[in-house]
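Quick look at what TrEMBL annotates:
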ACT_SITE  C:C8  active site, nucleophile
BINDING   C:C243, C:C389, C:C440, C:C443  [4Fe-4S] cluster binding site
DOMAIN    C:8-225  domain 'Glutamine amidotransferase type-2'
There are 4 protein chains.
Amino acid sequence: MSDIREHCGLFGVYGCDDAAERVYYGLYSLQHRGEESAGIASTDGKDIICYKGMGLVSDALKPQTLKSLKNPVAIGHVRYSTIGSSNIGNAQPLVVDYYKGKVAVAHNGQLTNAKRLREEFEANGSIFHTTSDTEVIVHLMAKPLHMMQKNLSLLLQQLRGSFSLLFLTPNEMVGVRDPHGFRPLALGKLNAGYVLASETCAMDQVGAEYIRDVAPGEAVYIDKDGIRSEYYCPQNQIKPAFCIFELVYFARPDSRIYGESVHIFRKKLGAKLAEESRVDADVVISVPEGGNSAAIGYSHASGIPLDRGFIRNHYVGRTFILPEQDRRHRIVELKLNALKETVEGKRVIVIDDSIVRGTTSKSRFGLLRKAGAKEIHVKISCPPHRYPCYYGIDFQKKGELIAANSSLEEIRRFLHIESLSYLSVDGMMSCTTQPRQSFCNACFTSNYPTPVDEETKNPCEKK
Amino acid sequence: MSDIREHCGLFGVYGCDDAAERVYYGLYSLQHRGEESAGIASTDGKDIICYKGMGLVSDALKPQTLKSLKNPVAIGHVRYSTIGSSNIGNAQPLVVDYYKGKVAVAHNGQLTNAKRLREEFEANGSIFHTTSDTEVIVHLMAKPLHMMQKNLSLLLQQLRGSFSLLFLTPNEMVGVRDPHGFRPLALGKLNAGYVLASETCAMDQVGAEYIRDVAPGEAVYIDKDGIRSEYYCPQNQIKPAFCIFELVYFARPDSRIYGESVHIFRKKLGAKLAEESRVDADVVISVPEGGNSAAIGYSHASGIPLDRGFIRNHYVGRTFILPEQDRRHRIVELKLNALKETVEGKRVIVIDDSIVRGTTSKSRFGLLRKAGAKEIHVKISCPPHRYPCYYGIDFQKKGELIAANSSLEEIRRFLHIESLSYLSVDGMMSCTTQPRQSFCNACFTSNYPTPVDEETKNPCEKK
Amino acid sequence: MSDIREHCGLFGVYGCDDAAERVYYGLYSLQHRGEESAGIASTDGKDIICYKGMGLVSDALKPQTLKSLKNPVAIGHVRYSTIGSSNIGNAQPLVVDYYKGKVAVAHNGQLTNAKRLREEFEANGSIFHTTSDTEVIVHLMAKPLHMMQKNLSLLLQQLRGSFSLLFLTPNEMVGVRDPHGFRPLALGKLNAGYVLASETCAMDQVGAEYIRDVAPGEAVYIDKDGIRSEYYCPQNQIKPAFCIFELVYFARPDSRIYGESVHIFRKKLGAKLAEESRVDADVVISVPEGGNSAAIGYSHASGIPLDRGFIRNHYVGRTFILPEQDRRHRIVELKLNALKETVEGKRVIVIDDSIVRGTTSKSRFGLLRKAGAKEIHVKISCPPHRYPCYYGIDFQKKGELIAANSSLEEIRRFLHIESLSYLSVDGMMSCTTQPRQSFCNACFTSNYPTPVDEETKNPCEKK
Amino acid sequence: MSDIREHCGLFGVYGCDDAAERVYYGLYSLQHRGEESAGIASTDGKDIICYKGMGLVSDALKPQTLKSLKNPVAIGHVRYSTIGSSNIGNAQPLVVDYYKGKVAVAHNGQLTNAKRLREEFEANGSIFHTTSDTEVIVHLMAKPLHMMQKNLSLLLQQLRGSFSLLFLTPNEMVGVRDPHGFRPLALGKLNAGYVLASETCAMDQVGAEYIRDVAPGEAVYIDKDGIRSEYYCPQNQIKPAFCIFELVYFARPDSRIYGESVHIFRKKLGAKLAEESRVDADVVISVPEGGNSAAIGYSHASGIPLDRGFIRNHYVGRTFILPEQDRRHRIVELKLNALKETVEGKRVIVIDDSIVRGTTSKSRFGLLRKAGAKEIHVKISCPPHRYPCYYGIDFQKKGELIAANSSLEEIRRFLHIESLSYLSVDGMMSCTTQPRQSFCNACFTSNYPTPVDEETKNPCEKK
């Protein structure tokens, strides 16, 4: 499950004495969206102070420090990145000085025109400190032309690709979503103030109440006079293309994304799976945690009883460092043990949310076989993902995606299982409560919602 | 769940090139039995080398170091302790020099005559380095009278209370269980060698196969000539009194304890609970992880559908340090979030495995209420535990056990829930496959299987 | 001695397989010039890789990492800073991307027009990531106008104040000294390559040979075609004003600064002190390490025997953290102990190189009194420093300089000593081998070598 | 200098509110006597609490913790050990429980009959937790026969070899010195209380006043009734054999040892050296720190001026870890730099306190040659040490002592110097103010003050 990576998670609080501390707890709930670095920038109305660090929220930041800040406004960020650029310099929020003073920016998504913009800036004498495409945004912001504007419209119209953004200045907090709304961003109420969050589970964490999503193409400005909304681009450029993979895989089951309950959506996936690919079996189990919600849906729909087939060792965390590379399967075995009593001599249906490279899945199903499973029928609660994402999700390289290179039968044989089914694209799309054309499912279908030119295929944040 | 503490977990491997490394992985599976210190002693047939450290296995020990040992025999230990004596000096295995050379001992349980033995030794000129009652055992071992024996019978007959023990000398590994068999200890096969483990889940971990439990009153000697068994006390002193709490609460669901599958036993508890205290409801949920197995049993038996009511944040671990004491409820909220979609407007049955002080439970059920649950019916898969354990389990002080001091109705009101039921003692005991008189259930019934004199009530390991 | 702080130390190596590793050892020798952060940037001819960290060289950098680099060119930096801006973001070398690629800059000194330049840049749309005035230099460098130049002249002519600089690009290493030569920078030879160093002691460390100082107003370019020198400003702007305080106080005694041996200069200071303020006494001692060289000169000139009066505890380092602020005198006592056998019943002359706030000195002389000294005559090997430095030395705030606020007699009484003498300005200047007008001694005389406008008095690096 | 190791340092305080904290600072002054572990045991009159750790005092112990203790009595210990037994288990003070309660023991020295005693104990059923010979002492203490005694005489008479000891019980602090007085131990006064210290420099540190040495064969008991002295063995067994090496090499120059000022003794060594082996030269320098005192004596006696020939880099500490073993000479070069201005073209006399393996000395003298020294005449302020010490000093193995295997001329050639002289045994002994037969100089002469049987030659603490 950890083989596919979201790029980031955002959380902002406006109008709370302990804003920075609440952002800390909010980021804890968004940790699954970024484990490599965490940062919080907050303001007292004059200066902006920023703490960042590598690793998990609990390693990178100290709640004591944040607690002592007493700043009423704060934004935070958790981040993944490719190996090369995993350094503290690229951690966010990015805080810089410019003519108007200080500004902090946090970004979830991926700009497809960052490389071109960067080259233009450099040709005109600008310097860059980081390899992150977010730095382009602050350069744009500091342009005299843009500075003269009261709002960010001119700046935001320069950006292409996917971007949910939080801006923090000593006076206001701004939340922005790109015209396609690729990545989620929700608005909530917290006492007399407001919160902005990638997922609603972070709102629950701090006691905030979900109001609505920030709309595609919308910028929400929050300051001492309250909240103000603005569409920064013409309506005809607004074309929703919500990432379906957030619902299928990334978001926490206790979040609402695009106004949709993740848990219920996944239960529907399971039910649809039962409808599409029924098989006679004695028991339904899930691969925890990814398959848990869909397995409930499958069991309810099929009438085949649900039981626990794997027991997870909760002490096996990220900090586990193995003595040898070639023993990576040790982690699989340490993390999950098969429950012989559930599977021995049984025909077992296993529900999971993805197969990436296939090696981890193979080890896991092998545990079931060793525990005596008579038949193993694997059901994946989405279609095979075969295509790269240019909007902020870091799949494995194409060569490593087993579904990109092998037929269903080949994968089944590789996994040594009796049967394997994926959910159909139509089946998956039928589970949403919204028009299916509002979604981007390009990783399954290659129907990219924006033109895919060369620049898009090789975006700038590589280094 | 972390409020009740087992004292220890044991794991030993005989006859494997990488014995110490395997013990390391085995201890990982037994981590729930002791989070305060971990240690491994191993031998190359001449010397004994021991590594110990404070904290979790992953903090206390380095797999690289153990891997490089190449010693064919090793025993390991994980430990809990009361605050006072939580220091590296009390970590186990305890390794000492005596007349015959070096010996390492690892102990799970609690001696009820340690205090008296210690006083006798001190009166005769012995010195003690630790406050652990295990040190008494090595003093007994070093007595000239005992040293002359070929086996450990004479020594073991001096011990009272609960003790599962592993001994390691350069020549052999010994596994011992007290005449009541209070604590578990199982024997397994690993290629040409043997393993001894508190729980069978550790055998799965290292690829060993369960053979049988070490019997109450039995000592198993393993050396180059193979395995040899011996009852070290007269048959009439052997009176099984297996700790029922291991099955109900402590052991991992993927373990077999006393030859019983923990997961199946707990499913039966759930089914029995459905039988004893049925209530009309819309959905059954569990408090993860403790209530998971019983909830399946309850749902199957009652026909009320099972769903996920809490989502666990897997990033909240032991290392989370809170800025203020009075915010301990933060941990509860960080760790679990209620799933509004499951409980909103619903009559909810919640299955858990215990209520200790009640405060954590209250916070959790409060989350359900906040998420919109219409009715909350809590079912606990065991009777209320009201009495102290003198055989190795560290309940809260009596004053802190809510069930020891309050009526069912008082607890229900404290928790702000619609109904509360505990499983009956008879109901619980009916779920085992063995004669119910083979078990100790004194923490629920005060039927202590051994005389409870003053010395037993105030055993020596206090410091 | 640690109360007055140099801002930085520089070291660069061109043309050695192990350039980065040698810079590491060179920085070790320059550690006294900056204890707060250390960094090394090196190039393989294509990319620039930079390692930085907080604290001492040994904490901030790993020799193993540097060793593995095998890059033939590297520059390094050690840094002090005021409390406020002590963060990794301000650590140097500063490495940025601009139109021509990557460049690394390391700076020793203080720009007096940084604030103005920064404001101009911001007004034109530039953003700043750090509070260091060094960032202004890289912005200047990236200006299209400057980029078109073959050399750095145009850029360097924009800078005011003190600056010794090292630049590193994938193709060359450049050393620059400001037209006054406030801060030292020396050129040396290392096998077929070159080194640039703030002090020659660092050259000894890596086996390099001193050639000459980089001249005021000179830029030295080193690349594959060898070394090339250039004066980047008109000769009439070149006015040497070497910092005399480097010789008196900062530099290591085994360095040559401005072509002068520091040790010999300090011995002359001692001799001159004996000439200016003779007193009858039994023994001469020094406060280690600062007074050691001058004490030898004093003893030789006066004929009064030198002995050890203080013994230093070499285990008391920077890492010593005191339980309470008000016990700072503990450090003094832990660090130095008076040698009773030397001072008891004696008239003692004590040589030191400075009195800053006076409290540390008072504690030390108190130790001598407690050890039985009959008379204590303190001789300081420079005049009282009473004026701020605008060229890169961080004296205490004026209110804290005891000499700025008290008469000689007041200081003497505060220190509880029999007599106190400072060296005269003329005495001090007479010890150099160069024209005395080549030096800046403004901290003693307030004769600032450049106009001191308001901007100079409140330079920008404050944050 | 760090190639020869003292085994330990002791410090105890009786009758001060902040005894534990003072012991902490006292140990700081004795750090040179043991860098591998440090520990402090203190009592509130009821219990004994002990903190120990590996490494330097500043790493091993926290002043805050000690400060909070408020215990009026405490003893402390710093320790060296051979590599094999460098573990926390062997750190001291050793604290055990026995019949009379708790006792803590700290030991400086080496028992020559520890092995035999240990074997006897083990044969009688005792167990040993450590490999340290100090554990034998607590076993003796716990013997019923010894426990019945009011004092420690019977126990102390069992011990052979060298031992300065501190005992701490809830009621008293005891200081003991062996009948030969091999290792120092001094008694001092601190306000209304007392201190015991290996060296008087530690008394200066905490503001205590030296009273007298504990005498050979004496035990000093300090409790609420004051101080009581007792000779625990017949007078005819008391034969002073003070370790001369403490004066020559180990002790800090600001200590008094055996009533002798270390600094003055060493100045006399230098003067005697000038008398014994005069040579024409231009300058006298010392190898810091070891040669500093003797160099002053040499210069005064010879009339040849003293100057600084080496500059020490105070940032090079124990924590410096080198990337490669074969670059150990790097440490020498990082630590000391030769001062060209002092030695260039000169005939240089270099004073040092020892040559152990010779390799470090060779590197150092090589620096002088490289700096231009015309002639290098090395004078060592003691005779060549050629014989092992059985009384608590850890010389290199005999094969590694250059003087044990090479002639003077061979060493001189190995060091590439013009001349080499050692002080004569008679010369060295003539510098003490006490009868020379009161000293042990066996490491120079092989005149061991006790019979040297096989057991003595291979004492037990080897592990």
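Each Cβ is built from the backbone N, Cα and C atoms, and glycine gets one as well.
A map of TrEMBL features onto the structure.
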residue	record	DSSP class
C:C8	active site, nucleophile	strand
C:C243	[4Fe-4S] cluster binding site	strand
C:C389	[4Fe-4S] cluster binding site	coil
C:C440	[4Fe-4S] cluster binding site	strand
Cα-to-Cα gap, C:C8 (active site, nucleophile) vs C:C243 ([4Fe-4S] cluster binding site), nearest whole Å: 14
PLDDT averaged over the residues of the domain 'Glutamine amidotransferase type-2' (C:8-225): 92
Those residues of the chain, 6+ apart, with a Cβ under 8 Å from that of C:C443 ([4Fe-4S] cluster binding site): C:F245, C:H385, C:R386, C:Y387, C:P388, C:C389, C:I393, C:F395
Neighbour count (Cβ, 10 Å) for C:C8 (active site, nucleophile): 26
Cβ-centroid neighbourhood (8 Å) of the [4Fe-4S] cluster site, C:C243, C:C389, C:C440, C:C443 excluded: C:F182, C:I244, C:F245, C:Y391, C:I393, C:N441, C:A442
Site of maximum Cβ density within 10 Å, from binding-site residues C:C243, C:C389, C:C440: C:C243
